[in-house]
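Summarising the annotation, Swiss-Prot assigns DNA-binding region to 132-191 and lists sequence analysis as the type of evidence. Swiss-Prot lists SER12, SER69, SER306 with the feature phosphoserine, giving similarity to another entry as the kind of evidence. As annotated by Swiss-Prot, N6-acetyllysine applies to LYS131. The region 'Transactivation domain' annotation in Swiss-Prot covers 192-326. Summarising the annotation, Swiss-Prot assigns motif 'OAR' to 306-319.
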Amino acid sequence: MEFLSEKFALKSPPSKNSDFYMGTGGALEHVMETLDNESFYGKATAGKCVQAFGPLPRAEHHVRLDRTSPCQDSSVNYGITKVEGQPLHTELNRAMDGCNNLRMSPVKGMPEKSELDELGDKCDSNVSSSKKRRHRTTFTSLQLEELEKVFQKTHYPDVYVREQLALRTELTEARVQVWFQNRRAKWRKRERYGQIQQAKSHFAATYDISVLPRTDSYPQIQNNLWAGNTSGGSVVTSCMLPRDASSCMTPYSHSPRTDSSYTGFSNHQNQFGHVPLNNFFTDSLLTGTTNGHAFETKPEFERRSSSIAVLRMKAKEHTANISWAM
């Protein structure tokens, strides 16, 4: 009697006529069977529940809760009493079986690589087609004439001028603005090119290098000057210094040279740079050699030989000045 009072909180103490009364030496199984068969509802309430849900079948065993994954064991109902033959439990079992099949079967329905490439190409084509394409405008001669007239007046027309010009040329104001931008860029390019050409012409006029000997004339000079193999050298008797020089240098005699002399001449030429030689030339007279060989008296030959002699004298004078300064 004390056992039942401690384990079950009853509203009233059990009586001998009740099913829950267990006398001395009574069995506990009888009490548990009585609890299983009892509906725990009153008569009125039990009738309503039977009409709404139907008779509840007897549970044969208690629910076994498993802690494993629901995809591995289909008997887990998460606290819902498993009753055999009930539609709700049947649907749950089918769902669990489908989960097991999905877990064990390979993944299907995924697109292949070729399909993904095709989808990417379609997306790229859609993006490129959605971009605004630029159309090149072809201007007529009348339109270009009107545009050039305005450009001669001003390179930066305002909005009002552009609108009036667009009405006359039957173009949009945006097209007219773009044309003026391109025309200004073209004009600036031509201006830069003209400045470069002007600088080149000014340099050529300032530094006249037409009188300097050319490299292709060296063999001719060698053949004409040093054809005769003589022991004596020619003597330069005239003064070939600038006109404002106060005195003349002593005559400079030179002997026949080999090709190395012309190499030194080219070095001296590079040292002095492009210097006008018109002022260095005066009336020069070249005498013949001891064996009777005379130089040619052609003007071109005299000019070339005089320039060579002047450059050699300038090189010698420059060397003397450097040695005197040291």
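Note that Cβ sites are derived from N, Cα and C of the backbone, with glycine treated the same way.
Helix, strand and coil counts from DSSP across the motif 'OAR' (306-319) read 14 helix, 0 strand, 0 coil. When averaged over the region 'Transactivation domain' (192-326), pLDDT in the model lands at 57. Across the range of the DNA-binding region (132-191), the DSSP-based residue counts are 43 helix, 0 strand, 17 coil.
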